[in-house]
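Enquirer: Straight from Swiss-Prot, here's the annotation block:
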- 1-25: signal peptide (SIGNAL)
- 26-97: topological domain 'Extracellular' (TOPO_DOM)
- N53: N-linked glycosylation site (CARBOHYD)
- N63: N-linked glycosylation site (CARBOHYD)
- N72: N-linked glycosylation site (CARBOHYD)
- N83: N-linked glycosylation site (CARBOHYD)
- N95: N-linked glycosylation site (CARBOHYD)
- 98-118: transmembrane segment (TRANSMEM)
- 119-203: topological domain 'Cytoplasmic' (TOPO_DOM)
- 157-191: region 'Disordered' (REGION)
- 161-170: compositional bias 'Low complexity' (COMPBIAS)
- 171-184: compositional bias 'Basic residues' (COMPBIAS)
Amino acid sequence: MIMNGRWSFNTLAIIFILLSTAALSAHFRVCEPYSDHKGRYHFGFHCPRLSDNKTYIFCCHHNNTAFKYCCNETEFQSVMQLNLTANSDSFAHNNYTALIGVWIYGFFVMVLLALDFLYYSAMNYELCRVYLEKWGLGGRWLKQARSQWHSTVQEGELNTGPGLSQQQQLHLHHHHHHHHPRHSLRGDTQSPTLLSFQTSTAW
């Protein structure tokens, strides 16, 4: 259990680092839409473009008289007069809402993955049990769950068995009562004819 806890903590730490770096780097890699000094609107784009070098991953912009373009890290720091290492912390503080959104999105993704895993394990219980026992994870809790499952199944069978027999007995008893008056009626209807036949033979 300790190894599983450490593994999950390391996984969450790696996911946090990757999401943070992706959010920080994506801020400088997007050239947002803008209007130049003549009032013409220009669409935004993501760096690097297909025609650019793969190292041009940052968006450079001198002023409104020049177009935005993709540049490398050294040109970006000289043109924009920014230090990426110094401004990463300030950017994280200024855009904490974006980081919160990323964290919420990641949380829901993890919840969906956990629910998907639980659904799959419930649908394929025997297969998961075999793999858990093979990996050494089928400990006391798995045996207890299996024994509880079998006990509930047996109790359900015992509870449904006598109930069905009682229903069948009631059905048969009710069916017998429906057929019994017919025999008595037939006996009653046949008895006058027999009496008349006996009296006619006696005369």
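Glycine is no exception: its Cβ is also placed from the backbone N, Cα and C atoms.
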Enquirer: Using the structure shown, find which entry in N53, N63 (the glycosylation sites) has the sparsest Cβ neighbourhood within 10 Å.
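Expert: Result for the glycosylation sites N53, N63: minimum number of other Cβ atoms within 10 Å at N63.
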Enquirer: Can you work out the mean pLDDT of the predicted model over the topological domain 'Extracellular' (26-97)?
Expert: 78
Enquirer: Round to the nearest Å and give the CA-to-CA distance linking N72 (N-linked glycosylation site) with N53 (N-linked glycosylation site).
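Expert: About 9 Å separates the two Cα atoms.
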Enquirer: Measure the Cβ-based neighbour count of N72 (N-linked glycosylation site), defined as the other Cβ atoms within 10 Å of its Cβ.
Expert: 17
Enquirer: Give the distance between the Cα atoms of N63 (N-linked glycosylation site) and N53 (N-linked glycosylation site), rounded to the nearest whole Å.
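Expert: So the Cα of N53 (N-linked glycosylation site) lies 23 Å away from that of N63 (N-linked glycosylation site).
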